[in-house]
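K.L.:
Before I ask anything, here is the structure I am working with.
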Amino acid sequence: MRNGVAATGSTPVGGDLGRPSVPKGCPVPITEAFTDAADTVAHLAECVLEGRKAPVATATERLLETHDGLAIINDIFVPILDVVGQKYDEGAFFLPQLMASAEAVKAGFDLIRDRARAVGASAAEATPVGGDLGRPSGSSAVTPRKGCASPAPTEGDAHVPAESDRAIIVATVQGDIHDIGKNIVKMLLENYGFTVIDLGRDVAPEAIVAAARDTGARLIGLSALMTTTVGAMERTIALVHEQLPGVAVMVGGAVITQEFAEQIGADFYAKDAAASTRVASTFFDD
């Protein structure tokens, strides 16, 4: 879910590729939607890197006065979290800094979540879940396994709640302690009317399979931000396919690409949180 962050060693951000320029001192690109608030974006991004929760919340609140919450998430929070993850992978950040940055983003994310819930409650009454979204660019189905197209709950699963017909399990894979990206996905899915079962972060493959079996959820969303944990994602997918052949797996995260999703056997790939809602809508509406 790198959302336009340039690869290390490639053409500098703001070069001749049409990317937005980066103001001096700003660790992420300023997209066109935020050119009128470049200083606030730069301040917010720096505060995330420094793990300062209060200033992040204040800057987010200021941006919410004139900008869409989802745009703040996709254009600012996701790219800066990619920077944090990269610094951690390179050894420039250690676990305490990683956690502090995640908590700082959470402070801003909570404000956006509360605003979205208030707006989403009224919007849900007028707009059918999934709407006329279709399948967007940035989300795609990997060649599906037979029987994975949206199976009905197994007969005899009396313990499965009625709402599980549109239930989705989300989890950050074993060994990965990041959960902000997962939380963003959870918020958007809930706003679209899905029942989201959040297993948290650093979740073992066996626990994910057990939760899917117990709840009757037919779609699982897995997130990974660190390259060291993609193996756990692959093991989880293999176990799900082995033990729950009617359950589909959607994957995403800073280190996940369409090609890699295919390699590890995922059923769907979502490059960002917005794409995950469209994947879910397509899956359940097919």
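Backbone N, Cα and C define each Cβ position, glycine as well.
Residues or ranges marked as domain 'B12-binding N-terminal' in TrEMBL: 31-124. Marked as domain 'B12-binding' by TrEMBL: 165-286. The region 'Disordered' annotation in TrEMBL covers 1-21, 126-160.
Describe each of these features in terms of where it is and what it packs against.
P.N.:
DSSP assignment over the domain 'B12-binding N-terminal' (31-124) gives 83 helix, 0 strand, 11 coil.
The average per-residue pLDDT of the prediction over the domain 'B12-binding' (165-286) is 92, rounded to a whole number.
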K.L.:
Where DSSP helix means H, G or I and strand means E or B, what are the helix, strand and coil counts for the domain 'B12-binding' (165-286)?
P.N.:
61 helix, 25 strand, 36 coil
